[in-house]
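A short worksheet on the structure shown next.
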């Protein structure tokens, strides 16, 4: 049985803010991250419904509950390769750009990074594993709590969040004075690391890698943790909560997202031929079985 999940919202087409060369794929770059509403387009409606569920249910209490469950790291054990191969059965239902298994996108991202920076082997591996947290979908997590753009809970929702105008109307945190102000439960300029992000594959994989002692550099871990935080790194929101260090993080994330976003195409990599190289990187930075 194929398990399908859900992702991305954005009133602002953030792909317009970081536009690479068309050679990155066989699809026009202007066609990526298209979140316009079209009730007659089943793909766009699927994405919109996913975001509606996400923006209704991602509350402070919900995220605390997911931390209590998933951050015990007792759901399963697997090597990086075993976890990646699970993604063969996963098509991200929230992604308007592609209808291929996630493992294909993983290799597309990794190979684009390798092409541009052949000397940064940690960046190649980051591209390969950046969506690995989506394995939560195989263990009962709803699609809207696995994929899609992320945002901080516990404060006013940023204006560039996709479908922002009407998708949060049923979220109870919007009526809570502790959470519905500009800063909400945070101090101004507290920094990204102090924010409680909506629950999804970014935060989960970051926590898995930290828990299992991965030796990937800090910038790789930040790319993984914040690559879906589009309202911040591309929409221009939440800068009142960030600090100087976060601006450096943003540059790494924006660079990485050129590989993540614009390699989504129907051009398929030769995965079997690529595995030996990437297995050597797994053995270097994330060896053995990991607790998920």
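Every residue gets a Cβ built from N, Cα and C, even glycine.
Pulled from TrEMBL, these are the features on record:
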BINDING   33, 92, 93, 94, 134, 148, 149, 227, 228  substrate binding site
BINDING   105, 130, 131, 201, 227, 260  Fe cation binding site
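Geometry remark: residue 105 (Fe cation binding site) versus residue 149 (substrate binding site), CA distance 17 Å. Neighbour density around each Cβ, counted as other Cβ atoms within 10 Å, peaks among the binding-site residues 105, 134, 227 at 134. Sequence-ordered, the extra residues of this chain that approach the Fe cation site, with Cβ no more than 8 Å from the Cβ center of 105, 130, 131, 201, 227, 260, are 106, 109, 202, 224, 228. In the structure as shown, the Cβ atom of residue 131 (Fe cation binding site) sits within 10 Å of 28 other Cβ atoms.
The number of other Cβ atoms within 10 Å of the Cβ belonging to residue 149 (substrate binding site), over all protein chains shown, comes to 28.
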